[in-house]
């Protein structure tokens with residue numbers, strides 16, 4: 001299976017190699033948020049166009065995830081990782097020389113494709129390169145990079161944009177990317193599953209891209225086109241049909257592009273649903289708070305960054321602590337307490353007013369980040385540890401595909417809801433008049449932000465009953481059954 005065993009590389013060197021790349025890929029998801037107004041101004045673009053800087057990146061990272069299991073098994077996860085890092089770094093550089101908003105969006109989407117390879121690859125390497133007794137702690141460190149990036153992203157993005165301009169948001173990836181490539185080549189072990197003669201499932205890959213893109217586009221444009229317009233409904237129907245075809249195809253193939261049999265392990269399925277709920281709650285804050293502080297309270301990107309900084313620090317401190325607690329008390333109480341704290345703080349954010357202080361916003365965001373830190377790693381490890389090692393690449397691909405699609409869908413829905421709810425509240429406040437003053441517009445937008453945080457609170461609470469389903473069993477027997485079912489079918493077909 002391997003020409004170099006994981007034992008030849010130390011635990012910390014492997015973690016270092018994984019940390020750099022994962023941090024860089026996720027960092028690029030959130031540094032852009034606070035620079036939103038800058039892109040609008042510099043490129044004289046509309047918000048629906050600039051939004052594709054975020055949505056397009058998230059969509060790209062999501063649709064490419066299903067191929068990670070295939071190429072990781074074929075090339076080795078080490079070389080797939082180095083390839084992804086190289087492409088990500090290259091297109092970060094190209095973003096700095098973009099000549100229009102459309103060229104920037106194109107470079108950004110391709111950058112997202114390589115980022116989408118990095119994230120599930122790093123997760124898979126933890127379960128393939130590191131001893132099982134150290135995997136929970138390793139996942140806490142992986143989660144640290146995953147959470148530090150969205151936590152520090154707005155802070156770093158605001159500081160860079162305020163002092164060096166938007167191009168610095170992409171230039172910062174160049175040294176990080178180069179360091180990550182060098183460390184990965186030197187420190188990661190080479191492991192590859194037994195060579196397979198299976199061909200690349202192009203029809204399956206094409207349909208998963210089509211379905212993800214059409215569904216996200218429908219939600220992104222639904223408010224502008226109208227939710228019952230033929231364009232919106234057509235995209236939703238085609239996307240749903242393509243997704244149905246993809247699922248049926250992958251389940252019928254002897255060697256699928258994406259092994260969906262991982263869903264036969266209930267523990268993995270429940271953890272993935274909870275993960276998606278946490279993702280929705282996470283992006284509600286990272287998307288709405290910069291909009292509230294800058295567009296409503298007229299704060300600068302730097303001030304916005306400083307408001308979000310305490311939460312970033314709290315999350316950084318909590319992640320390794322959670323890793324140690326996991327080995328002592330297991331995932332249940334960590335996940336439950338995290339979701340309750342996340343939901344409570346999100347509910348408090350649904351009461352924001354025009355006069356709310358930055359101190360209060362910073363405190364609530366810090367509490368949210370504690371909740372996310374408590375729940376994120378335990379729920380991810382609870383699901384991944386229930387999957388046989390031989391198909392962890394596919395489980396990681398599924399996890400990141402669904403999570404990234406959820407993130408892209410969340411931002412599209414939040415953006416659409418914010419526009420529609422703000423306009424509705426403005427009309428109510430102005431008594432139906434077509435023109436509204438600046439104060440009424442700000443108040444209407446604040447009420448729209450309140451509405452979305454309330455929705456995010458309800459979504460967060462839906463994770464509580466699922467958490468109780470994770471409480472019993474460790475999933476090992478079921479995991480073995482999943483693997484046996486897959487190998488048994490292959491033998492029957494051979």
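Even glycines carry a Cβ here, placed using N, Cα and C.
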### Given ranges 433-451, 452-470, the stretch to which TrEMBL attaches the annotation transmembrane segment
452-470
#### Entry: Contact set, same chain, for the transmembrane segment (12-40): CB under 8 Å, 6 or more residues outside the stretch
6, 46-47, 50, 53-54, 57-58, 61, 81, 84-85, 88, 92, 101, 104, 111, 114-115, 118-119, 122, 125-126, 129-130, 138, 141-142, 144-146, 148-150, 152-154, 156-158, 160-161, 165-166, 169-170, 172-173, 176-177, 179-180, 183-184, 187-189, 286-287, 290-291, 294-295, 301, 304-305, 407
### Query
Quick one: do the transmembrane segment (105-129) and the transmembrane segment (52-72) reach 3+ CB pairs under 8 Å, ignoring pairs fewer than 6 apart in sequence?
yes
### Task
State, in range form, which of 52-72, 141-164, 200-219, 225-247, 330-349 has the highest count of Cβ pairs under 8 Å to the transmembrane segment (268-293).
330-349
#### Entry: Long-range neighbours of the transmembrane segment (225-247), counting only residues six or more past its ends (CB under 8 A)
204, 207-208, 210-215, 217-218, 260
### Query
Of the stretches 52-72, 79-99, 141-164, 305-323, which racks up the most C-beta pairs under 8 Å with the transmembrane segment (200-219)?
52-72
### Query
What stretch, picked from 52-72, 141-164, 330-349, has the most CB pairs under 8 A with the transmembrane segment (305-323)?
141-164
